[in-house]
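Per TrEMBL, the features are as follows:
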TRANSMEM  25-51  transmembrane segment
DOMAIN    43-294  domain 'G-protein coupled receptors family 1 profile'
TRANSMEM  63-88  transmembrane segment
TRANSMEM  100-122  transmembrane segment
TRANSMEM  143-165  transmembrane segment
TRANSMEM  199-228  transmembrane segment
TRANSMEM  240-262  transmembrane segment
TRANSMEM  274-296  transmembrane segment
Amino acid sequence: MPSFNQSIFYPAVFFLTGIPGFETYHAWIFIPFCCLYATAISGNGMILFVIITESSLHEPMYYFLSMLSFTDLGLCLSTLVTMVGIFWFNAREISFDACIGQMFFIHGFTFMESSVLLAMAFDRFIAICNPLRYATILTNSRIIKVGFAVVIRGTVALVPLLLLLKRLSFCRSHVLHHSYCFHPDVMKLSCTDTKTNSAFGLAIVISTAALDAVLLLLSYVLIIHAGLSNASPEERKKAFGTWVSHISAVAIFYIPMISLSLVHRFGKNAPPLVHTLIANVYLPIPPVMNPIIYSVKTKKIHNTMLKIFHSKLT
């Protein structure tokens, strides 16, 4: 039978947080969040369906877009269960192992999305700067290898990070500030030294999201240079038009992530409501916005969706 000290240092459960001070209205508050999740799941599901079923979309650009939709679906489903449990059933408890599992999927899909955005930037760079070799460089076999690399890069580094988390002792409050398990949030509850965890976590962020951001910026500089070098205004317009959607997707991915990181880093004195609201908005926004951006800005996706809806109506 476990002793009192063991039950303190190795918690059986954590307690997730909804909207502090508005627990009575959780069922109503979750309605807009429910709409966000429904939009994200249906939108990304539609993108995947269109790309898979429409042979004219079996091109590198759309393969990468399907990867983006897949990671967005993964992000939504990783948090949907705990969000529904908290806001509609007041089920705040989550076991330590389940919390570890949820962190693996949340952070894994986040890092995978960063890698997919970088791959999409490379696709646009080749299409604009070296269009004659586009088909020979981005072959189907290489795209499959990129897909495997995205999955491996997004998940392998997380295993030791989460194993390091399991060695910590938790003798403080077991109440988390989010509606899902987030690594910095869980780590703050530890009463033991977390320098190794922090350093390893920072190394992973630098080698994934931060490195991707630098490479994305570099690709944009090269794409702009190539676009401005085109003599024809029509070619220049086409060159810039092909990656406007990608810039929007990158912005809606990095801005909420940076905002949440800044709040965790420098917002220690901020009200808990600020932490919770930013955290609850941080994950659903990219999965909601990406299908809207690409279905509006990408003509092939837009026209194919209209054709499908028209055929269903007739």
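Placement of Cβ uses the backbone N, Cα and C atoms for every residue, glycine included.
Predicted automatically and left uncurated, TrEMBL annotations should be read as such.
Since the structure is predicted, the reported quantities are computational estimates derived from the model, not experimental observations.
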Spatial neighbours of the transmembrane segment (240-262) far in sequence, C-beta under 8 Å, 6+ residues away: 68, 110, 113-114, 117, 120-121, 124, 127-128, 209, 213, 216, 220, 223-224, 227, 278-279, 281-282, 285-286, 289-290, 293-294, 297-298
Tertiary contacts of the transmembrane segment (25-51) (same chain, 6+ residues out, Cβ under 8 Å): 18-19, 57-58, 62-63, 65-66, 69-70, 72-73, 76-77, 80, 83-84, 86-88, 90, 280, 284-285, 287-288, 290-292, 294-295, 301, 304-305, 308
Taken over the domain 'G-protein coupled receptors family 1 profile' (43-294), the model's mean pLDDT: 88
Ranked first among 63-88, 100-122, 274-296 for CB pairs under 8 angstroms with the transmembrane segment (199-228): 100-122
